[in-house]
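Q: In case it helps, TrEMBL gives these features for our protein:
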- 21-128: domain 'HIT' (DOMAIN)
- 112-116: motif 'Histidine triad motif' (MOTIF)
- His114: active site, tele-AMP-histidine intermediate (ACT_SITE)
Amino acid sequence: MDPATIQSSTHKIRQVENSCLFCRIVAGEIPATVVHRTETTLAFRDIDPKAPTHVLVIPVAHHADVIALAADPSAAADVLATAAAVAEKEGLTDGFRVIFNTGAHGGQEVFHVHAHLVGGAPLGPMLAGK
């Protein structure tokens with residue numbers, strides 16, 4: 001992947017990956033239904049929702065997975081704080097899940113770390129068949 005930079009509204013430079021779908025959403029090259037934005041995070045509706053509320057929360061800087069995100073504790077905290085803010089904004093008072101899929105066996109499909117915030121209805125068992 002070719003690293004590049006983009007500027008935020010405050011002109012801070014962020015590292016992005018040109019071929020990354022989510023970096024392209026952050027850059028405004030691909031449309032998304034944004035529900036919350038901060039200087040360091042972006043939250044937008046999943047295009048294939050698995051629950052009545054299904055929002056993806058990403059750091060604006062490219063981190064491939066949870067392991068990479070953990071190396072930047074401030075960014076990790078920002079992602080979780082944004083997930084909590086979106087849950088409150090969406091009225092998920094009866095509960096919700098925040099899920100990170102990591103790696104091929106974990107079901108990660110886009111290799112820009114993202115939290116799935118799902119809720120709005122009873123979600124059932126954590127894993128199928130359990």
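Placement of Cβ uses the backbone N, Cα and C atoms for every residue, glycine included.
TrEMBL annotations: computationally assigned, not manually curated.
Help me picture these features in the structure, burial and contacts included.
A: When averaged over the motif 'Histidine triad motif' (112-116), pLDDT in the model lands at 98.
Within the same chain, the residues at least 6 positions away from His114 (active site, tele-AMP-histidine intermediate) whose Cβ sits under 8 Å from its Cβ are Phe22, Leu56, Val57, Ile58, Phe100, listed in sequence order.
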